[in-house]
Amino acid sequence: MGSTGNAEIQIIPTHSSDEEANLFAMQLASAAVLPMALKAAIELDVLEIMAKSVPPSGYISPAEIAAQLPTTNPEAPVMLDRVLRLLASYSVVTYTLRELPSGKVERLYGLAPVCKFLTKNEDGVSLAPFLLTATDKVLLEPWFYLKDAILEGGIPFNKAYGMNEFDYHGTDHRFNKVFNKGMSSNSTITMKKILEMYNGFEGLTTIVDVGGGTGAVASMIVAKYPSINAINFDLPHVIQDAPAFSGVEHLGGDMFDGVPKGDAIFIKWICHDWSDEHCLKLLKNCYAALPDHGKVIVAEYILPPSPDPSIATKVVIHTDALMLAYNPGGKERTEKEFQALAMASGFRGFKVASCAFNTYVMEFLKTA
């Protein structure tokens with residue numbers, strides 16, 4: 001045996017940064033555990049149970065949560081503790097330690113600030129359905145084809161399913177409902193903020209929400225501006241699940257063939273699904289459907305020119321990667337790229353009017 005002074009058996013990094021780099025590499029290698037653990041917690045309604053069972057800044061034990069689940073599994077509290085411990089390490093939930101009479105230390109958990117958006121708000125919506133959409137098996141499969149798409153060309157989603165994402169929705173009713181719920185929930189939260197920040201809907205008579213899903217956004221616009229008549233325009237298999245809303249007409253069709261006429265056309269999170277060529281075709285259809293004083297209101301992320309490590313930038317870059325995996329030419333764009341699309345489509349004016357939860361509201365104006 002060597003002595004403790006023998007340098008050959010000392011485990012000391014050559015540089016302190018080596019330790020950090022190794023840990024970062026290990027974290028990246030296991031990074032998939034976070035969204036999948038959060039997915040399980042959401043599917044089990046763990047966060048909703050916590051929201052209903054404890055006061056703000058309060059705590060609850062895994063055993064108390066497990067008692068409210070439809071399970072007889074004696075290991076459920078221990079398994080929940082391990083899931084919640086993971087979520088606590090990422091500040092999704094908070095924790096405190098409690099010493100039991102036996103001397104054992106028990107972890108108790110509470111809701112962290114992010115849970116405001118992962119549990120139902122006063123409107124009954126949260127971002128939980130959006131997370132369930134993003135982690136659905138249908139949307140995980142294309143990632144296994146990204147390498148092939150880079151080497152051979154094509155779109156990972158198409159390679160996985162033999163068709164584009166939008167056509168696939170019409171073949172899978174389960175996933176179509178999951179997707180619509182996820183998009184509707186996300187839209188409702190973001191749109192509520194947009195309506196607080198942006199006043200460009202004032203004075204309109206008719207607005208067309210292109211790619212409006214099941215009509216949640218159109219209904220919110222009409223609720224704030226009752227004098228507006230709204231047309232919710234999307235593919236037929238999308239609006240088949242759309243509920244009736246006062247002041248909203250659902251129309252099925254293909255936006256690349258044409259769009260309904262209105263004083264203004266609203267397009268939220270649509271351009272990033274498509275290539276520049278597709279966007280130009282859509283925007284030219286919008287231009288033709290508008291009166292001389294009309295405008296297209298575009299709500300999208302704006303891609304920063306540099307990949308800085310801020311959360312806001314990471315969200316945009318994450319979404320750009322999703323577009324790379326799923327959509328035909330879809331991508332996030334810089335402000336200059338949006339302005340170029342507007343000008344190339346015939347619009348004379350362009351401005352960034354507002355921002356809500358990282359979604360920028362831009363106006364493409366027929367007259368400058």
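Cβ coordinates come from backbone N, Cα and C, glycine included.
Residues or ranges marked as active site, proton acceptor in Swiss-Prot: HIS272. A sphere of 10 angstroms centred on the C-beta of HIS272 (active site, proton acceptor) encloses 19 other C-beta atoms. In the three-state DSSP scheme, HIS272 (active site, proton acceptor) is classed as helix.
The S-adenosyl-L-methionine binding site annotation in Swiss-Prot covers SER187, GLY211, GLY212, ASP234, ASP254, MET255, LYS268 and rests on experimental evidence. GLY212 (S-adenosyl-L-methionine binding site) falls outside any helix or strand according to DSSP and counts as coil. The number of other CB atoms found within 10 A of the CB of GLY212 (S-adenosyl-L-methionine binding site), across every protein chain shown, is 31.
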Exercise for review: List the residues of the same chain that sit at least 6 positions away from ASP234 (S-adenosyl-L-methionine binding site) in sequence and have their Cβ under 8 Å from its Cβ, in sequence order, or write 'none'.
Suggested key: VAL210, GLY211, GLY212, GLY213, ALA242, HIS250, GLY252
**Study point:** Inter-residue Cα distance where the pair is MET255 (S-adenosyl-L-methionine binding site) and HIS272 (active site, proton acceptor), in Å
**Key:** 15
Exercise for review: Would you work out the biggest C-alpha to C-alpha distance among SER187, GLY211, GLY212, ASP234, ASP254, MET255, LYS268, the residues that bind S-adenosyl-L-methionine according to the record, and give it in angstrom as a whole number?
Suggested key: 21
Check your understanding: What is the number of other Cβ atoms found within 10 Å of the Cβ of ASP254 (S-adenosyl-L-methionine binding site)?
Key -> 13
